[in-house]
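What TrEMBL says about this protein:
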{"type": "DOMAIN", "residues": "83-127", "note": "domain 'Homeobox'"}
{"type": "DOMAIN", "residues": "130-331", "note": "domain 'TLC'"}
{"type": "TRANSMEM", "residues": "135-153", "note": "transmembrane segment"}
{"type": "TRANSMEM", "residues": "178-198", "note": "transmembrane segment"}
{"type": "TRANSMEM", "residues": "205-224", "note": "transmembrane segment"}
{"type": "TRANSMEM", "residues": "260-282", "note": "transmembrane segment"}
{"type": "TRANSMEM", "residues": "302-323", "note": "transmembrane segment"}
{"type": "REGION", "residues": "346-397", "note": "region 'Disordered'"}
{"type": "COMPBIAS", "residues": "369-381", "note": "compositional bias 'Polar residues'"}
Amino acid sequence: MAGILAWFWNERFWLPHNVTWADLKNTDEATFPQAEDLYLACPLAFCIFMIRLVFERFIARPCALGLKIQANGPQKAQPNAILEKVFTAITKHPDEKRLEGLSKQLDWDVRTIQRWFRQRRNQEKPSTLSRFCESMWRFTFYLYIFTYGVRFLKKTPWLWNTRECWYNYPYQPLTADIHYYYILELSFYLSLLFSQFTDIRRKDFLIMFLHHLATITLITFSYVNNMARVGTLVMCLHDAADVLMEVAKMANYAKCQRFCNLLFVMFAMVFISSRLAVYPVWILNTTLFESWEIVGPYPSWWVFNLLLILLQFLHSFWSYLIVKIACRAISRGKVGKWNPLHVSKDDHSDIESSSDEDSGPPPAPVQKHYNSNTNGTNKAHGTNGYLSAGAPCPDEH
């Protein structure tokens, strides 16, 4: 184990040439980042998760109910042992051949079976109330941490001149503000990483998981090798758009459509300008070129910049999704249901588009006693929220 630790903390990887860990030990005159400082983030992440539960229960939920957001989820599918077995053990999206077989086995209309599977899929999704509470929690945290970051950074020289991030590097003392900022951000993203398995399941689960891992790794990397100054710039820049995203989702869940549309436009402008313009021109320029000129490259420098470039690719992907939503909204004359970072194939919100039609009581199974003309009509058209037998089920998360 000692050999593994010695290999992992190799000074030639982590630090610039001719710098050792002994040079960065805390003294009476200066305090430097220490890897063991980050251990505090693990219990703090658990505390943040517990604070979130309390916040959602006693603050966000009453706010949601005050906005007339219903607590009930999607309509539940009527119990059926055969369909439940197919749903849990075989497929949640039966094809036309399987639908026809189930129709003959149960003597149910094909459209009724399609509706059952649609309701059963939606049944596993949380209610709009739960979504609102989750977004309100994230909005509250992002607003606080972004406000803190702006108030702290406006007093620092490296906000106005990014070359200050590298002067006298790595012998830059760690201040209490930087330490607090880092530990709180790291704890929050650790809580998001683990709560992702219990939160609303998204289609881009793996992409968001990769995003959280990259963020946590970047925060850890920049802290351990004392790139904390540029790290604070990266964190503050990313928090700006997140605030608008969460409040726009809250407006969407509260059915404040015009306010949602306005916030969506503001979010798109801030996200695209900050991630595709400010980030590469301001952040990547200083980490790639100014640091090369002042400090020079070394192994962990390459890894740090590769992670920042990976983040830029994610920014480009999400910006593409946002522009795609905006173009479709303009063509339809409205923004409609949206969730910019979790988009289905048809750009609808998290619950599939037919879920609103499923709020009524489920129909009784229909006996298959119709002639060929009726059958042909049913395959050509859907009625009252049903899908025709020949049409695909709407895509959902």
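One is the number of the first residue shown, and numbering goes on along the chain from there.
Every residue gets a Cβ built from N, Cα and C, even glycine.
Unlike curated entries, TrEMBL annotations are predicted automatically.
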- Query: Going by DSSP, how much of the domain 'Homeobox' (83-127) is helix, how much is strand and how much is coil, in residues?
  - Reply: 32 helix, 0 strand, 13 coil
- Note on the structure: Averaging the pLDDT values of the domain 'TLC' (130-331) gives 92
